[in-house]
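Take a look at the structure below.
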């Protein structure tokens, strides 16, 4: 069937208008295949059906995701924990020993009236039925159980304390808890099955400023890398080599988590995107994107 000249002009114009409206209205999108997953949230609606919200996490306030509790006037509250997980599982490895590469980015706003903001935000990967551990407010970032609730009979099992069998995380830690191995300054860190980070880097957290976290796993080099940056050029970078198939189950979920304790801060997520693919070496190492 022939297409008129008027119709041929209309199609590209219509396509442009549609794409423009998607950008203006910040429409989220996702694609899901057996061995690949992509999603992008440019804003969060009040009824965000493709997220699993846990604890104090809420969506819809100014189009943002609030991971921890805030008052009606937006003030942060203490002793809060919340998480958001994408609903679809991720195929992170398969029996042929092929492991997925992935790329995650989120923008965030941490704001605190306290002289010591606490406690931070983490991007994490865990088993598909993951839930918030008991006692994981404050320094444990909603990811790891507290020593006081891990007990063997009446004795605390310190080997199990602060550990989780199926957690890989990149933490943006705003408050140094040196008693659990933190360096004595705000930092970013890579956590493998424990809140005691395998690798850390000093982070100049900017109170009330929007920052960006970019996380990459290159399955060819088995390197997990992260960069946290601000518009003024300040950044922190950390990397650690890990075989994800030795740490995580074959199918996982990805999420964002945050907590407050005695000190407090808002833990606001403005956008979040994620892409993973098995048998892919197309996702670059962090050094090529910074």
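Using N, Cα and C of the backbone, Cβ positions are placed for all residues, glycine too.
Per Swiss-Prot, the features are:
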type     : residues                : note
BINDING  : 119, 173, 175, 177, 182 : Ca(2+) binding site
BINDING  : 119, 139, 262, 263      : carbohydrate binding site
BINDING  : 171, 173, 182, 187      : Mn(2+) binding site
CARBOHYD : 152                     : N-linked glycosylation site
SIGNAL   : 1-29                    : signal peptide
Which residues of the same chain, at least 6 positions away in sequence, have a Cβ lying under 8 Å from the Cβ of residue 262 (carbohydrate binding site)? 78, 79, 118, 138
If you compare CA-to-CA distances from residue 177 (Ca(2+) binding site) to each of the binding-site residues 139, 171, 187, which comes out shortest? 139
Residue 263 (carbohydrate binding site): nearby binding-site residues from 119, 171, 173, 175, 182, 187, Cα cut-off 10 Å: 119, 175
Please work out the number of neighbouring Cβ atoms within 10 Å of the Cβ of residue 175 (Ca(2+) binding site), leaving out its own Cβ. 23
For carbohydrate, what surrounds 119, 139, 262, 263 with a Cβ no more than 8 Å from their Cβ centroid? 78, 116, 118, 138, 175, 177, 259, 260, 261, 264
Rounded Cα distance in angstrom between residue 171 (Mn(2+) binding site) and residue 182 (Ca(2+) binding site) is 11
Report, in whole Å, the straight Cα-to-Cα distance of residue 175 (Ca(2+) binding site) from residue 187 (Mn(2+) binding site). 8
If you take the centroid of the Cβ atoms of 171, 173, 182, 187, the listed Mn(2+) site, which other residues of that chain have their Cβ within 8 Å of it? 120, 172, 174, 176, 183, 186, 188, 189, 197, 200, 203
Most distant Cα pair in Å, residues 119, 139, 262, 263 binding carbohydrate: 10
DSSP on residue 171 (Mn(2+) binding site), three-state: which is it? strand
With every protein chain in view, what's the tally of Cβ atoms within 10 Å of the Cβ of residue 187 (Mn(2+) binding site), excluding that atom itself? 24
Cα of residue 119 (Ca(2+) binding site) to Cα of residue 139 (carbohydrate binding site): how many Å, rounded? 6
Count the Cβ atoms, other than its own, that fall within 10 Å of the Cβ of residue 171 (Mn(2+) binding site), considering every protein chain shown. 27
Cα-Cα distance linking residue 175 (Ca(2+) binding site) and residue 139 (carbohydrate binding site), given in Å to the nearest integer: 8
